[in-house]
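Below is one structure, written out as structure tokens; comments come after it.
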Amino acid sequence: MLGRLHGSSMYKRGTSTDNMDSFDIDDNSALLENGMEQETSTPSWKLSFPHVLVATIVSFLFGYHLGVVNEPLESIASDLGFNGNTLEEGLVVSTCLAGAFLGSLASGWIADGVGRRRAFQLCALPMIVGSALSATTRTLVGMLLGRFLVGIGLGVGPPVASLYVTEVSPAHVRGTYGSFIQIVLCFGLMASLLVGIPVKSIVGWWRYCFWISTIPAALLALAMVFCVESPHWLYKQGRIAEAEAEFGRIFGVPHVKTAITELAKIDRGDEADSVNLSELMLGRHSRVVFIGSALYALQQLSGINAVFYFSSTVFRRAGVSSNLANVLVGIANLTGAIIALILMDKLGRRILLLWSFFGMAAAMALQVFAASLPGSTSGSFYLSIGSMLMFVLTFATGAGPVPSLLLPEILPSRIRAKAMAFCMSVHWVLNFFVGLMFLPLLEQIGPQLLYSIFGTFCLMAVVFVKRNVMETKGKSLQEIEIALLPQ
């Protein structure tokens, strides 16, 4: 046909054979276009969602265990014989954080060594054992050991969940799935508060609070048997056929070739090399690791955990019961997470981070202004309440959910799991020290200066995000990695 177009019959009316050739070419072109559309169309979210839903059980457990001792702590102290000892009461809370720090340090090596799916099952084991030990113990030592084991599971689980959700999600819904993690965490916190309500009226109810947490942990371990393994991890192990099969389960068969081709673009043959701490801090990808660590550091230095801790006191001074205060804070947190869920893949991660930190800085400014008003006025109390709820709301729209989603997106495949573990360990260390130092600092320097410091860190975060964070909305992990490769 091409020869005839360039030959002497070019200007003549085509014969029936020519017409047949034309029809054949048109038909083939249409088939080719249809095939290309089918391969380049957006993968359905319905295939990957069940696997993401199972992974978010970790977030539920994370929220539940952070709040499970809040209401029952007095009853626990009374039954185990350390009532009135603030140091030992603090240890019941902080021991879990210590375990989480160690677990987060190991999470990257576990996820790379045995795979994401088995890492979920391994993190569920210490949570089940630790919860059972906490529920049955008769001594403070047994409670501390149980909380430490639970903390190890909590340290391993969330980084693996962030990795897994990022690696099994289609690009167009990855942000939505990341926000879903935060929503489930809110449900976990609220569940712990609801479960703790009968603790003062039913003797020994605090033991059931711990027993209940073994149910979702066991469900996580069992359900992971039926979930996909991360195709990214399988590809790094050289198990190409298995990676293709898993891509087929979460993206659909027509998208397997494209997904594998994108993975191959960044395969430089160095996936098997070991990654150590010095490479994370000084290697060619150290800037990306620094960005991730700094985001988690600024998240904690904004004072969010201190605000959560101190909110009940502020509410009580305004005549609001602690139960109602917890409900209001929970509603603000959940509302912000839902807003993030809606906007994450529409506005993008960077915009949400900028406006979130800016809103938190504005809330801290209002808190400072409220602290400067005469303490006896109801206006100062209600302004404090309003600014605290605003702070929690704006935190939950960006500064809360975005870092755990953004980090697995910007971290290169080769170092993703271990770098995520390192960044999360920064989170746990600062979480511990901010919680430890908040009340002493509040007494030493007063609320105005302390909240001014928190607001300053929020403004520093705005500048940092504007200068260092790229937008990842709608991009594949391979496109992001190529864009961030050191020149």
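Glycine is no exception: its Cβ is also placed from the backbone N, Cα and C atoms.
Listed features, source TrEMBL:
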DOMAIN    51-473  domain 'Major facilitator superfamily (MFS) profile'
TRANSMEM  52-70  transmembrane segment
TRANSMEM  90-110  transmembrane segment
TRANSMEM  147-165  transmembrane segment
TRANSMEM  177-199  transmembrane segment
TRANSMEM  205-228  transmembrane segment
TRANSMEM  288-312  transmembrane segment
TRANSMEM  324-344  transmembrane segment
TRANSMEM  351-369  transmembrane segment
TRANSMEM  381-407  transmembrane segment
TRANSMEM  419-442  transmembrane segment
TRANSMEM  448-465  transmembrane segment
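Below 8 angstroms of C-beta separation, residues 294-295, 298-299, 301-303, 306-307, 350, 353-354, 357-358, 360-361, 364-365, 367-368, 371-372, 399, 438, 441-442 of the same chain, each at least six residues beyond the ends of the transmembrane segment (448-465), sit close to that stretch.
Mean pLDDT, taken over the domain 'Major facilitator superfamily (MFS) profile' (51-473), works out to 87 on the 0 to 100 scale. Tertiary neighbourhood of the transmembrane segment (351-369): same-chain residues 295, 298, 302-304, 340, 343-344, 383-384, 386-388, 390-391, 393-395, 397-400, 402, 406, 447-448, 451-452, 454-455, 458-459, 461-462, 465-466, 469, 471, selected by CB-CB distance under 8 Å and a gap of 6+ residues from either end. Within its own chain, the transmembrane segment (147-165) is flanked in space by residues 51-52, 55-56, 58-59, 61-62, 65, 69, 92, 95-108, 110-111, 116-117, 119-120, 122-127, 129-131, 133-134, 174, 177-178, 181, 217, 230, 404-405, 407-408, 416-417, 420-421, 424, 428, which lie at least six positions past its ends and keep a Cβ under 8 Å from the stretch.
Below 8 angstroms of C-beta separation, residues 65-66, 69, 73, 76-77, 119, 122-123, 126, 140, 143-144, 147-160, 417-422, 424-425, 427-429, 431-432, 435-436 of the same chain, each at least six residues beyond the ends of the transmembrane segment (90-110), sit close to that stretch. Counted as Cβ pairs under 8 Å, contacts with the transmembrane segment (177-199) are highest for 324-344 among 205-228, 324-344, 381-407, 419-442. Residues 175-176, 178-180, 182-183, 185-187, 189-190, 193, 308, 311-312, 315-316, 352, 385, 388-390, 392-398, 400-402, 405, 473 of the same chain lie 6 or more positions beyond the ends of the transmembrane segment (324-344) yet place their CB under 8 Å from a CB of it. Here the listed stretches are 205-228, 288-312, 381-407, and the one with the most C-beta pairs under 8 angstroms to the transmembrane segment (419-442) is 288-312. The list of residues near the transmembrane segment (205-228) in space but at least 6 beyond its ends in sequence, with Cβ under 8 angstroms from a Cβ of it, reads 50-51, 54-55, 57-58, 60-61, 64-65, 68, 72, 75-76, 79, 117-118, 120-121, 124-125, 127-128, 131-132, 134-136, 146, 153, 168, 192, 195-196, 198-199, 246, 249-250.
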